[in-house]
Amino acid sequence: MEFPRKRRGRDSQPLQSEFMTDTTVESLPQNPFASLLSTRTGVSAPSGIREAHSQMEKRRRDKMNHLIQKLSSMIPPHIPTAHKLDKLSVLRRAVQYLRSLRGMTELYLGENSKPSFIQDKELSHLILKAAEGFLFVVGCERGRIFYVSKSVSKTLRYDQASLIGQNLFDFLHPKDVAKVKEQLSCDGSPREKPIDTKTSQVYSHPYTGRPRMHSGSRRSFFFRMKSCTVPVKEEQPCSSCSKKKDHRKFHTVHCTGYLRSWPLNVVGMEKESGGGKDSGPLTCLVAMGRLHPYIVPQKSGKINVRPAEFITRFAMNGKFVYVDQRATAILGYLPQELLGTSCYEYFHQDDHSSLTDKHKAVLQSKEKILTDSYKFRVKDGAFVTLKSEWFSFTNPWTKELEYIVSVNTLVLGRSETRLSLLHCGGSSQSSEDSFRQSCINVPGVSTGTVLGAGSIGTDIANEVLSLQRLHSSSPEDASPSEEVRDDCSVNGGNAYGPASTREPFAVSPSETEVLEAARQHQSTEPAHPHGPLPGDSAQLGFDVLCDSDSIDMAAFMNYLEAEGGLGDPGDFSDIQWAL
């Protein structure tokens, strides 16, 4: 009888694997690494091992789900959702919440905000003393006053016991109730409550930890609170009392604080929100109230505005050399219309005497000279009242007076000045008539110009220069060039160039005698009196200028002839040369 031939590797393998499996099962309790060896050698694990591994994975998943569920209950729901969040969403919101808490300072974290050596009562006393107000806590739901400090008696004259437990809206002005309700209604946490889709119940997460502040919960607003002397009752919105009486009945309070949330068991006010099981934490306004000072407006119809101003400059003889563009809106003249004209042509005749005194004072002093109110003629012939501040400008290099700066301020307009002239009486009316009679109308000259007014400034400049020569050194010490420089500076310019660049010329002995005679003639001239000066004296001053220029030119020509060999050089040893 023949048996079938057995192939190698087919029948022997099951026997070998069965043998190894029995051995592995027997050695499992003793050798924990047998399962790895059996897996590597291709031996399948028994059902007991697979069951133990499944139980271990289940416990791990249950623990992770419990931790995620606990984490989701600790995160405040920013947006209430109808479905349950998955694990990834819970972890993402947890990360966002931790990032938002990272920027919070220790000032808002409760007990860590105060030093360890200060007690709570001492800290509250220092805060109230430094704030100069009163601390109060108001519920955001109904406006009930939970707490108010004793300092309210000093600020609003209320007793602490009379305010605690009352409604804040009963003490406010009727027009401020809506504004305060708006400030209390904007809470940092949402009003909606999330609902579970499976159980159809509202999530009731226990309140754990101290209340924290959130961004956007700060409040700062004003409201009017009734005074203690007025009985607490509702007033009609449309009251006929004046603002002054309203100020006596109400005090303006500046409120600054934060919205905070507390559990009902901590506050002890379960009835404030209805006392339901699903009611959330109580939101309150913790604020500091300061009395805002009330300023009673003055009973005046005038509006304080900056007066209209413009700046002008005029030379020593009173002729304009610069006019500000703002003068056009006040006077009506363009700047180029005033340049080169004398300021006395526009002054009222009654003001000439006072303005000439100020003109002399500003030429002899370096201080600012304030003029009285005077009348200035505008382009249409009317007058405006101005007040000016004059001061002279001296060139720091040449030490010579270049011009006078005038800062002009408008006091009265055209209509006011006309009324003031009418109220002055007959004397002013007669002076006005004489002023109109003295005015001339010449082509090329501004209308209403006073006869001889253009030479008043030139006469004043000549008079001041003569006084300065008398008060200075003796006439023998002065050189002829100084005489010419002083006379030419009266008109605000020079005939042959700037005074600082002119050199003294050599003159002959005969010409020196002529200069001495001219100087003695000028020194013996009498001073001109105040007021409108005649035209002869002004013409005399200009004649002297012309004579001095002629003598100067003659000396210059004599010097050129001597240099070119055309004439006798003469003797120059007796001439005093200015260095």
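Each residue, glycine too, has its Cβ placed from N, Cα and C.
Residues annotated as region 'Interaction with PER2' in Swiss-Prot, with experimental evidence given as evidence: 1-198.
If you look up Swiss-Prot, you'll see 4-9 marked as motif 'Nuclear localization signal', on the strength of similarity to another entry. Looking only at the motif 'Nuclear localization signal' (4-9), the predicted model's pLDDT averages out at 56.
Look at Swiss-Prot and you will find 50-59 (among others) tagged as compositional bias 'Basic and acidic residues'. Taking Cβ pairs closer than 8 Å, the compositional bias 'Basic and acidic residues' (50-59) reaches no residue in its own chain that is 6 or more past its ends.
Summarising the annotation, Swiss-Prot assigns domain 'PAS 1' to 119-190.
Taken from Swiss-Prot, the feature compositional bias 'Basic and acidic residues' applies to 186-196 (among others).
The SUMO2 cross-link annotation in Swiss-Prot covers K233.
Assigned with DSSP, the residues of the domain 'PAS 2' (296-366) fall into helix, strand and coil as follows: 28 helix, 13 strand, 30 coil. The domain 'PAS 2' annotation in Swiss-Prot covers 296-366.
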Within the domain 'PAS 1' (119-190), count helix residues (DSSP H, G, I), strand residues (E, B) and coil residues, in that order.
35 helix, 13 strand, 24 coil
